[in-house]
Every structure is written in structure tokens, then in C-alpha cells.
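S.K.: Quick paste of what TrEMBL says about this protein:
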type: TRANSMEM; residues: 24-42; note: transmembrane segment
type: TRANSMEM; residues: 63-88; note: transmembrane segment
type: TRANSMEM; residues: 108-134; note: transmembrane segment
type: TRANSMEM; residues: 155-176; note: transmembrane segment
type: TRANSMEM; residues: 196-218; note: transmembrane segment
type: TRANSMEM; residues: 297-322; note: transmembrane segment
type: TRANSMEM; residues: 348-372; note: transmembrane segment
type: TRANSMEM; residues: 392-409; note: transmembrane segment
type: TRANSMEM; residues: 429-452; note: transmembrane segment
């Protein structure tokens, strides 16, 4: 063989080893996420649904739990996708010739983006509908009972649902873009139909983030305040402990002497109230034993940290709005190449990249808090060892919709300059200036409105509680206080 042939074989062998290495790394990363999600879901599932007398229902629930674990792992991977890419780019930029990070390259990161896009499509369009229909199925009438019969019914229902969704998407595409070329492109199921359908789902996820994130940013202060120990100026733990012990003693007397009360008692409800009060008293005892540093320094620092992150997010979005009016390059777009490690995507270098990652995680946590705080989705809140299987499916779907829209959400708001990779940058609405501009303006306006409303109400309530004004006997509206002469009479 000639030297040129040896060079071709060596290049092919090197490419083969790189692809194998990327597959191994991707598999290890996904396996880690899968194990973590499986541990989390087993903490929330109902144990009675997996230890039933009917082995068929238990088997179905186990299969559905694995599908939910896969979906939740994809959702977690979508959350970590953009931060991992930003940090990876900075590492390649800082250590371009380091031997120990040769495995980190643009091809690996681009492949991870494609895998997340593929698995998100698979989970949202096929796996989660299959899981829901599988739990609700009982098999066709007259057919043989068993898991296989339920699989047949689920597949038929899934095919009918797929035809319905495909028809709706085709009609919607014809209405929005009445072009023969665009309609013919939808006949290509893999290259155009699924990305178009996922683009619609991602747009709904971005709209959901627009509503939930400002609400969550406002709620983060109250949620953090419940987890941390406030200074003694802002709360009286002794009084709360006294009230909790008094209520618990009163309920215990009702349980011991149920006939002493002339009203009928729901003993199960009373027992639950006693357990809740006991749990509350234990938490209050732990908070009372907190150190002075934790009480007087931890709470103010946490509130200041949240305030800085929230203000920085709004400031970045405001600057991005101005950039959209001046520079066309501020529009979100997709990155076609896989070359990374050549230029930093932050003007502050590695420090700016760390700030971007922190803000992305902060906004994702805030969106989840806002999602479960909204009245429409409050019923989906999972309970410890008491979450039904259908509720777990609903939580996994909602979290996947939110997390898969996070890269587009972050790039649309200008939180990062890292362009979208793979099919994430092919969404048609990303090139519409009016949609992007109005989205940024709506986010800045809603966040500012929620923060102003929450802070004014919270500060007013804390000041009233700190000075003891909440204990004053204020007169009821419409009924003035009696005069001293009347009282003496």
C-alpha cells in the first residue's frame, strides 16, 4: 500500500476512535442522569401502586416509571446543556493543548445538542403519550387480558393521536404559511415535520417560561425566607412554638375525649393536623437552635444574593432590548459549525461565563417555583411517597417542556451569546424581530411589576410584624369604636 492509503486509513481510524469516545462519554453522562432521576422518582411514587395484588398493574406501573425516568433524565440534560457548552467553550479557550481535556471538543458538544433534541422529540411525542395511555388501558373488549393486550390498545390509541396531531400541524402550517413549498416540506416526516412540531412545542414552552419566571422570581424571596432562619427582629420563634404546642395539646385532648365535643369530629383529619403540627414544632425547634451567625448573617446575605441576581437579569434583558434596536447580530440564531474554543461568548471572559451559567440556573429554578406556584398547575405538586402515576407523567411532561425551552429562552433574552446548536437554531420564529423584541419587553415589564408588587407588600408586612402593629385591636370598617362615656355606662 502507498503512503497516501496509510494516511487515509489512519484518518479513518482516528475518526472512528473519536466517535466511539463520544458515544462512551454521552452514554456515561446519560446513565448518571438516569440514575439520579430514578432515585428522585422512587421518593415520590406511591408504594401501593407497585405492590398491588394484581401483578399486571404493578408491571405496567414499573414500565411507565422507567419511561418517566427517561423523560426526566432528558429534561435534566436539557437544563445542563447550555451551561455545559458555555463552560466547555471557556475551558477549551483557556487550555487549548491540555492532554487531559482532549475528549472535550466541538463535535462532542454538538452531538449532545442533537441527542437532547432527538430524545426530547421522542419523549414528548411518543413516550409520554404512550405512558399515559398505557396506565389507562385495560385491553380491547373480548381480547385476552394481560400486559400484551394493554400494549395493543395503547399502540392503537397512540396511532390515532399521531394522525390527529399530524393533521392539526399540517393545517396550522397551511394557515400560517400558505406556500406550496412549505406544505410539501411537511411530507418529509423526519427532516421537517418533527422539527416543525417541536418548534411549536418549544414556542409554547418559551411562552410558559415568560409567565412562570417573573412569578417565580418574586416567589423566590418568600420561599428562601421559609427555608432560612430570619433574624429575631423579623420573627418571634418562641411565640410560634408556644402557639404550635397549644394547638397540638388542644387537638390531642379532642382525640382523647371525642365525646366532650357536641360537634361530630373527623378523626382522620384531626390526626393529620396533629402530625402536621408536630412536624412544624420540630422544624421550629431546629430553627431556634440555629447559631447567631446563621440567623443574623445567612438570611440577609441570601436575600441580597437573590436581589442582585434578579436585578442583574433585568439589567441584561434591558441592555439586550437596546441592542436589538441597534445591531442585527443581537438576534438569536443557530450555529452551523462545530468549532468551539476560539472566542469567548462573554465580554468579561471566564468570569462573565460563570455569571451566565449562574443566571441560567437561577432563572430555571425560578421558573419551576413559579410554575408550581401558579393556580393552574398547583395541583401537580408532587408529594413525598404519595404521588399517583398519572401525576408523575404530568410533572415529567411539564418539566421537559420547560427545560427544553431553556436554551432558546436564555438566548432570546440575551443572557448568553452562545448561539444555538443543532436543530434548536432552526425554529422559524427566532428570526422574527417583532416576536423577539416583544418577548424581551414583556419579560422585563412582568419581572419588574412582580418584584415591585412583592417587595412593597413584603416590606410593609415585615415592618408591621416587627413593630407589633399586627397585634393592635384595629376597628372594623363601618363600625367605629365606642366612646369612653359609652364604655363606662
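Cβ from N, Cα, C; glycine included.
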S.K.: Against the transmembrane segment (429-452), which of these stretches has the most C-beta pairs under 8 Å: 24-42, 108-134, 196-218, 297-322, 348-372?
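M.R.: Maximum Cβ contact count belongs to 196-218.
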S.K.: Using Cβ atoms only, state whether the transmembrane segment (63-88) and the transmembrane segment (297-322) have three or more pairs under 8 Å that are 6 or more apart in sequence.
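M.R.: No, since the transmembrane segment (63-88) and the transmembrane segment (297-322) share fewer than 3 Cβ pairs closer than 8 Å, they do not count as touching.
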S.K.: Sequence-remote contacts (6 or more beyond its ends) of the transmembrane segment (348-372), Cβ cut-off under 8 Å?
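M.R.: Distant Cβ neighbours of the transmembrane segment (348-372) are 79, 82-83, 86-87, 89-90, 94, 208-209, 211-220, 223, 309, 312-313, 316, 378, 380-381, 398-399, 402-403, 406, 409-410, 415-416, 418.
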S.K.: Of the listed stretches (24-42, 108-134, 297-322), which one yields the highest count of Cβ-Cβ distances below 8 Å with the transmembrane segment (392-409)?
M.R.: 108-134
